[in-house]
Each structure stands twice: as C-alpha cells, then as structure tokens.
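Please read the structure below before turning to the comments.
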C-alpha cells in the first residue's frame, strides 16, 4: 500500500511543498494539510505503518528524520532540530519511539504516543 492509496496526491504535494525550507516543518499544519484529520483510525494506522520503515511497530528517531519521504520520495529530510521537536511531541513516555496504539475518543481519535497525528489534529485543528 502506498501513501496515495490513503491520502490525496495533490494534498501531499502541497503539504510537502509548504515545508521545503530547513527548520520550517510544522507537524500540526503538515498532518492537517495532507488530510489525516479527516481519516478514520484505521486509515491513520495504515499511514503509521507506511512510515514505520523497519516494521517494528514503532517510529524511532532515525526513521522520524525521513518522515516526509514517507509521504513523497522527493521530499527533504527533517533537520535534527525538527526531528527532535517531532519526537518530543509524539514520545510522551520518553522511550525514544512513537507507537501506534489507536483508541477512539468521541468524534476524534487518539494515537496514544503519536499526538502529532491525533490530539493535535482533533483539538488544535478541528472546525468549530
């Protein structure tokens, strides 16, 4: 399965293009722009598994630096600063990795450690 099986190719292109400058990556905006906010927990889980390159069930810091390439092979790598910021947002238990534990919560969904894909979408990016 590819990312474009789950997300609109044009949305991905726009989102990747919006963050081409080093240290410009904003995970909240990026994940909203690619359309993850509108996806079901199952689809978010599928996206997670695409990004989990070593298929460990976790996204570790070394994989996180290449996360944009998971959406578009031509995308840039994240800077060390961006990678650490993204890891800090997602790794809430401090184990150095982000898991895919998905739980449904009302109209939103939650990936327990991957707050970058869930709580930030459903709370920071929701429509009022």
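Positions of Cβ are set from backbone N, Cα and C atoms, glycine also.
Taken from TrEMBL, the feature domain 'EF-hand' covers 39-74.
The Ca(2+) 1 binding site annotation in TrEMBL covers 52, 54, 56, 58, 63. Same-chain residues at least 6 positions away in sequence with a Cβ under 8 Å from that of residue 54 (Ca(2+) 1 binding site) are, in sequence order, 60, 63.
Its Cβ placed at the centre, residue 97 (Ca(2+) 2 binding site) has 19 other Cβ atoms within 10 Å. What TrEMBL records for 91, 93, 95, 97 is Ca(2+) 2 binding site.
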CB within-chain contacts under 8 A for residue 56 (Ca(2+) 1 binding site), separation at least 6: 97
Residue 58 (Ca(2+) 1 binding site) and residue 95 (Ca(2+) 2 binding site), distance between Cα atoms, whole Å: 11
Helix, strand and coil totals (DSSP H, G, I; E, B; other) for the domain 'EF-hand' (39-74): 20 helix, 3 strand, 13 coil
Cα separation, residue 58 (Ca(2+) 1 binding site) to residue 91 (Ca(2+) 2 binding site) (Å, whole number): 10
